[in-house]
């Protein structure tokens, strides 16, 4: 089969332009799969390794204050393996040379040694020495953000008392891989620190001698999580337990899970879309390339080549192209994945991140593209070989040209000769034209999805930070505080408006559905933290009953008018029934709202508040910071502008990268499709165009026919592509909606523009390439050769 | 021509209908014909007379709508082409038939030598591609691509390709149709020489009356039927032909 194989090499070389375009289409599909899967495996693998090696706990419980003597009883609970008590304290910090308020969390560790659970990975320095009450280990992200080293000092306010802390070391903890402040969505390493301190020292500073306020534990093999949690809750209730949680509700783990869930979706949905689009295009394009080799196939058949020898020949042709595309896709995917690694390293503080392309992803992607290529090739080869060779060599029967309805509908003068030729060519092969349009429309749709992602996230953030969260500063008090503190806050420098709030941890129960969240008590018509209805208008809180975000109501399967059981996890720990009276639409988080007076009444307390939101004159921000620093009851000061910047920076980096990859891949696919369409159209029309030129048509006039066809197909495909893009976006939107955020379904004119511009650009580029080729067309040879 | 009674092809009532677009064409309407081993036959007819269809059916490139066609190979084995499967027809073409087409049908991505080799690769007892090309006078142009050869040279490569496998029969569809007079004569000389030196049965179809003079027999077709069969007393050498 030597000579036939040589023909294979020559054909591949001759088709190099088209082959490359097809390879790019395939590479695009393969790349998204490899990228998503590799990233996912790296994140999951790194996390699991770290969890295992540093004994990440499985159940977590917070209490107001429980005596250390309770521990033997807790250890005795059936199913508990290892259990450890500790003290956790919210603190305020001042970093020398940094004006903004910094929030911190102090966690106790046994004097001078590692805890049993949630062990620290020390990156620098050492644990606090036994007996020292001023030494702390700080989280590495915070240390890095402020360029801190062991030996440096920080000012801290613990339980209203100012203390100087000295860094003994820098560490990572499996409990705080994702270091965001409790109410924040995104980590802000400059303004939030996690620190570890000797237990005796922290208990002393936080008034917790002989007591603890936090528990972590692991379970025995085969133990039922729910049973252990029930037993814990029962025992801890009288000590102010707020309900034990599994990893599922642990902040760092949960954020990681959300991110991994997104990655899992990415690894499922996007490559599926891209791979199926590229498989479809491959199928179409290979089919048409073989169609153009119909005559050669017939000659080989005439000389006695068997169908299977010919099928093998074309399968190899397709195989070589596919393999090249696949290799390109794997390379690009692995390269992009290592780029993503750098980004994720910033947000997930894994001690190590190992990037390896999983073998199954290689096999899967190879299998999909090879099958697609074979399917396309097989069909076309079969069509070509199944006809008697004499028939295949004969010029095809003169096609039945007709005046189409479109042509009849348009005035003849408007169409001209060229227009008529274009319309009739397309009408003659409606299926072929349809496939071309479908191919272009699909890539247009992919471009649209890429653009949509950016717009949607932008819209989501705008809604959250312009309409929902309108405060500048969020103050959290150490304990519930009388509402008269509002008056004091109003007189602080730069404060223009104050709105108090009360937050209470609670579990909402509806039927067999249960969600752990907190009740947020607000003013009747909150202004600094608005509640939005479905149309985006601010609304007030009904006098009675609960208002939930639409997402939370969906989780609970509750509708307006339903009664929810509310188990309050603070104070008298009452269980009450509250009607669901209204729904609000918020893109981020899961909120449950009611009037603050109602919440105070439920708690059996006077007008108490947990914190306040402030609107501040930005000129006087530092003055206010200084004043707040000296207020003893304040546990945390959050700056909204900084939180927003954090989330925007993160999304800009990660989403921009993803969207950029998306748009590049979709753009390449668009180019691949249009280019192959044009090249094949060119091959099919070479004779016709040479004839026209011989008859005296100029090159420009002849070009118009070919370009007109490309342009017409592209223009028809664009609206279709928009529709496909909207459908894909809907799909993504539903898949990506989570507790953390819901991306709105918004389409900006830019998204439509990018999608249309992408395919138009690809068409234009292709048009130029084709016109250049037309100039090189050897008219005499084309005319003399048999059609 | 050594033996006038050894039949290679026998057809009986051969009929072939085509649907071309919306029209049905009766290309052959009951052709009875015998071709003998070693003879050089010219089939004459105007365009549309059915001569190409006949040649295609003899060569196993096409199947009749009705009637029978039988082929007897050199070993005396009889093949019924009417009832042959596609696979059997492929084997028949592979081992027994050489084709020469009006438009050469060379594979443009292969050189002259490779265009011949692509057939010898799958033949049982081929001559070397170089020898076949020498036979048609192209020993010097082995490594040229079709685009670097003239029309006559391309047709001679096509003939070399057809004869290299040492077929029992050589079927030529208007081999000079796309060539000028001088080049055409050259190609006919090659065909005559192949017939004379190798004893291959050669069938040439053409609409050029003059070419008939070089044949042992001339079969005239009209409207899909055999109109007349005429045996030449003497084969005129192609070099003496003029048109």
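Residue numbers in this text run from 1 along the chain shown.
Glycine too: its Cβ is placed from the backbone N, Cα and C atoms.
For the transmembrane segment (A:20-40), the residues of the chain that approach it from at least six positions outside its boundaries are 260, 263-264, 266-267, 270-271, 274-279, 281-282, 285-286, 321-322, 324-326, 328-330, 332-334, 336-337, 340-341, 344, 355-358, 361-362, 364-365, 368-369, 661-662, 665-666, 668-669, 671-673, 675-676, judged by C-beta separation under 8 angstroms. For A:20-40 (among others), the entry in TrEMBL reads transmembrane segment.
Distant neighbours of the transmembrane segment (A:265-286): 18, 21-22, 25-26, 28-30, 32-33, 36-37, 39-40, 318, 321-322, 365, 368-369, 371-373, 375-377, 379-380, 435-436, 438-439, 442-443, 446, 449, 658, 662, 665, 669, 672-673, 676, 680, 728, 731-732, 735-736; these residues of the same chain sit at least 6 beyond its ends, with a Cβ under 8 Å from one of its Cβ atoms. The transmembrane segment feature in TrEMBL is assigned to A:265-286 (among others).
Among the features that TrEMBL reports, domain 'ABC3 transporter permease C-terminal' is placed at A:269-389 (among others). Applying DSSP to the domain 'ABC3 transporter permease C-terminal' (A:269-389) sorts its residues as follows: 102 helix, 0 strand, 19 coil.
Long-range contacts of the transmembrane segment (A:314-337) within its own chain (CB-CB distance under 8 A, at least 6 residues past either end) are made by residues 5, 8, 11-12, 19, 22-35, 38-39, 42, 282, 286, 290, 293, 355, 357, 362, 365-366, 369-370, 372-374, 376-378, 380-381, 661. Here TrEMBL flags A:314-337 (among others) as transmembrane segment.
According to TrEMBL, the transmembrane segment annotation covers A:357-378 (among others). Here the transmembrane segment (A:357-378) has long-range neighbours at 26, 29-30, 33-34, 37-38, 41, 271, 275, 278-280, 282-287, 290, 311, 314-315, 317-319, 321-322, 325-326, 329-330, 333-334, 337, meaning same-chain residues at least 6 beyond its ends whose C-beta is under 8 angstroms from one of its own.
The transmembrane segment annotation in TrEMBL covers A:655-675 (among others).
Across the domain 'ABC3 transporter permease C-terminal' (A:661-776), the DSSP tally of helix, strand and coil residues reads 99 helix, 1 strand, 16 coil. The feature domain 'ABC3 transporter permease C-terminal' is assigned by TrEMBL to A:661-776 (among others).
TrEMBL lists A:710-731 (among others) with the feature transmembrane segment. A Cβ distance under 8 Å defines the sequence-distant neighbours of the transmembrane segment (A:710-731), meaning residues of its chain 6+ beyond its ends; these are 269, 273, 422, 426, 433, 436-449, 452, 456, 674, 677-678, 681, 745, 747, 751-752, 755-756, 759-760, 763, 766-767, 770.
Residues annotated as transmembrane segment in TrEMBL: A:751-771 (among others).
Through the fold, the transmembrane segment (A:655-675) approaches residues 17-18, 21-22, 24-25, 27-28, 31-32, 35, 266, 270, 274, 277-278, 281, 285, 336, 339-340, 343, 436, 439-440, 442-444, 446-447, 449-451, 453-454, 457, 710, 714, 754, 758-759, 761-763, 765-766, 769 of its own chain, all at least 6 residues removed from its boundaries and within a Cβ separation under 8 Å.
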